[in-house]
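All remarks here apply to the structure that follows.
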Amino acid sequence: MYRSHTCGELRIEDQGKQVTLSGWVQKTRDKGFMVWVDLRDRYGLTQLIFDEKRTPKEIMEKASQLGREFVIQVKGEVIERESKNPNMPTGDVEILVSELNILNSAQLPPFTIEDETDGGEDLRMKYRYLDIRRNPVKNKLIFRSKVAMEVRKLLSEKGFIEVETPVLIKSTPEGARDFVVPSRMNEGQFYALPQSPQTFKQLLMVGGMDKYFQIVKCFRDEDLRADRQPEFTQIDCEMAFVEQEDILNMFEDFTRNLIKAVKGVEITKFPRMTYEQAMKKYGNDKPDIRFGMEFGELNDLAKNKGFNVFDQQELVVGIAVPGAASYTRKEIDKLIDWVKRPQIGANGLVWVKYNEDGSLKSSVDKFYSEEDLKAWAERTGAKAGDLILVMAGDADKTRTQLSALRMHLGNELGLRKADEFAPLWVVDFPLLEWDEETGRYHAMHHPFTSPKPEDIKLLDTEPGKVRANAYDLVLNGNEIGGGSIRIHDKNTQAMMFNHLGFTPEEAKAQFGFLMDAFQYGAPPHGGIAFGFDRLVAILGGQETIRDYIAFPKNNSGRDVMIDAPARISEDQLKELNLKLQVNS
Ligand code: ASP
């Protein structure tokens, strides 16, 4: 028996017991006549004591050889500590060791395995198995497991069945490149790894499964923008015989119960906003509504007053920064520099100080009277003491830039509180999105999303105006889920593929199986998928998903611990009938 108790378990009530513990040496303190060791396992730390007066000599000697991260087993008596540590659950006791067994020695670890470590990110990723021994990492993985268990419980209570779908499949377009896997048995042919189980879950609806879910890995070969992973996890869900309203209600309830279960926080109704409203009010289709600073459009108030810079622009729009009228010139210049950085790309900012005494002072006083500026204040919701920041330019770009500034200020001013949860639904997304690069329309969500019936007539004339039965669930400025009501008849699906630029032959070759299935009694259906990694991170009060993944990849998609991706051998290539054309 390796252990009778864990290292997090013993209390003063256990005094006098003979126990066996196993774990890692976190730290030793050797005074010669006495040695103290902090013994760690997943459950906590327990102090061991070796005392010249009470411990046999050979064990004393062994104890002094212990190094960090040695794996040991000890037997001994639980005794009351002389100097107690109230910060540790086991801090009232220590183990007077009578037997010491070194199960494995350890090299000095490349960083200290303590809550506050001296190891940088790269080093910790290379030795992730050591990093996982640290509380901050370990606790996040335990939290993730708890959320996953709760998800399964809540969904199965609602009648969802977990079904696994294949990983070696054919391309599902979700807007990214596919990872592909060559087939040895089918020369010259490739599988694609699923960007999501989208088509399979729809086929499960045709198969009559009615309510499906799966906690599932998805793979997307994208350039890794900040905090994305090439493989990530979804809670993927689909239901038959539903309308959008049914899905929203079902998953609002699910999300509410999940937040209640894992955070103890009650959320009442989730507000809803159309895509158009979200863009106008927040410049963002995933607005963080934990704080205000809503956009005020100023075209009618700011144009044609002699200020040329505004006159030529499509949109003049501002936000009120609470309590920032007292900003110094230097502080405002810093914000101007911030928006002018290439990452944001704005031309600059016009500012208006709405002073505490009710007076208004701006960087464009030459062109606007106090009366004019008062109207701006009203439009942006500014109160005395606030600072109004205004941007102008092409409507879409300017909204995006002002949104970035709003989020930046939200962070700076501490308005994005980690323990506050503000979910909302964003609905009525456009069906199609213009892609500058390819010069054609793409499905904004995916090609299986149904257009709003009343908008279908616009498909030929104004495709960009067609709205979809598509929705996102947004939490604290992050899209945590997205889905749609699907097309479930062959003709509409064929028409959709046509609009997306597929020839009938291409559509048949790629998605013939789905359109075939639609001819055998496909029920109306729809669903949603949650980004599980991000959901867990936000519930954990953090925004980096990497921390919540046991073995994440870095920004270039590498696993630096196992060193993947890697070359394969000539023999493997030959077996696959592949020839490499790499220059280095
Ligand atoms: N498959 C979609 C996605 O991965 C989600 C859905 O439409 O249910 O975003």
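Any Cβ shown, glycine's included, is placed from N, Cα and C.
Curation plays no part in TrEMBL annotations; they are all automatic predictions.
According to TrEMBL, the protein carries these features:
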- E174, R220, H445, R486: L-aspartate binding site (BINDING)
- R220, D221, E222, Q229, E479, G531, F532, D533, R534: ATP binding site (BINDING)
- 144-552: domain 'Aminoacyl-transfer RNA synthetases class-II family profile' (DOMAIN)
- 198-201: region 'Aspartate' (REGION)
Inset, instruction - State the three-class DSSP label for E479 (ATP binding site), counting H, G and I as helix, E and B as strand, and everything else as coil. - result: strand
Legend entry - Residues from the same chain, set at least six apart from the ends of the region 'Aspartate' (198-201), whose C-beta lies under 8 A from its own: 165-166, 169, 172, 174, 212, 214, 236-238, 446, 448, 511, 513-514, 527
Inset, instruction - List the Cα distance (Å, whole number) between E479 (ATP binding site) and H445 (L-aspartate binding site). - result: 13
Legend entry - Three-state secondary structure, R220 (L-aspartate binding site) (per DSSP): coil
Legend entry - Cβ-based isolation winner (fewest other Cβ atoms within 10 Å) among the binding-site residues E174, E222, H445, R486, R534: E222
Inset, instruction - Could you tell me which of the binding-site residues E174, R220, R486, F532 have their C-beta within a distance under 6 angstroms of some atom of ligand 1? - result: E174
Inset, instruction - Pick the one among the binding-site residues R220, E479 whose Cβ has the fewest other Cβ atoms within 10 Å in this structure. - result: E479
Inset, instruction - Based on DSSP, name the secondary structure state of H445 (L-aspartate binding site): helix, strand or coil. - result: coil
Legend entry - Intrachain C-beta neighbours of F532 (ATP binding site), sequence separation six or more, cut-off 8 angstroms: V147, A148, V151, I215, F232, T233, Q234, I235
Inset, instruction - Quick one: pull the CA-CA distance for R220 (L-aspartate binding site) versus R534 (ATP binding site), whole Å only. - result: 16
Inset, instruction - With DSSP as the reference, give the number of residues of the region 'Aspartate' (198-201) in helix, strand and coil. - result: 4 helix, 0 strand, 0 coil
